[in-house]
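Below is one structure; the comments refer to it alone.
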Amino acid sequence: MGGTASTRRVTFEADENENITVVKGIRLSENVIDRMKESSPSGSKSQRYSSVYGASVSDEDLKRRVAEELALEQAKKESEHQRRLKQARDLERERAAANEQLTRAVLRERISSEEERMKAKHLARQLEEKDRVMRKQDAFYKEQLARLEERSSEFYKVTTEEYQKAAEEVEAKFKRYEYHPVCADLQTKILQCYRQNTQQTLSCSALASQYMHCVNHAKQSMLEKGG
């Protein structure tokens, strides 16, 4: 127990199913065993691995190497974990950027559709306003035409009455003289025109004007002769 360093023989057992070596209850992979073999000094027979079976090392050295290899494996696992986390974060950022671009594209499309809808609505309002103005103007022109036709009809009625009155006066004054109807041809034409254009008497205004001029001229001539 004094000055001699104690050594213990440790047997490496292989797991046939998983290629795992068990050292004193610790399961080591083949990669860990290979690295432990490579890091062992080549001159020391007590610390060399000659094969998977029958190799012996000191207990303390074995614990140290196992701890180092486990720490290395843990570091590699942590590094791989961090790498995968980084990939996941990068993928999430890419997915978020793609979603943002898609959202913006959909928003632009909605804005464009809304602008087109507003333009179409504005154009429809303009067309409705133009149609309303045209209907109003049409009603105004029809009203003016009706008034002109009414005035023309009244004018014809007054002229006819005046002519009849003048004719009666002349007949009473000059009974002994034989006379013929004044402006008979124009009277016939204007009567015929009014019969043919009962809804558009304004078209006979030119004949009515000629007829009135003819009647006035006849009256003046009769008065001059009678005087």
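Backbone N, Cα and C atoms are what each Cβ position is placed from, and that goes for glycine too.
Swiss-Prot tags one of the stretches 6-31, 32-57, 110-135 as region 'Disordered', and that stretch is 32-57. As annotated in Swiss-Prot, motif 'Cx9C motif 1' covers the listed stretch 183-193 rather than the other ranges in 62-72, 95-105, 183-193. The DSSP breakdown of the motif 'Cx9C motif 2' (204-214), given as helix, strand and coil counts, is 11 helix, 0 strand, 0 coil. Confidence in the motif 'Cx9C motif 2' (204-214), given as mean pLDDT, stands at 85. Through the fold, the motif 'Cx9C motif 1' (183-193) approaches residues 156, 203-204, 207-208, 210-211, 214-215, 218 of its own chain, all at least 6 residues removed from its boundaries and within a Cβ separation under 8 Å.
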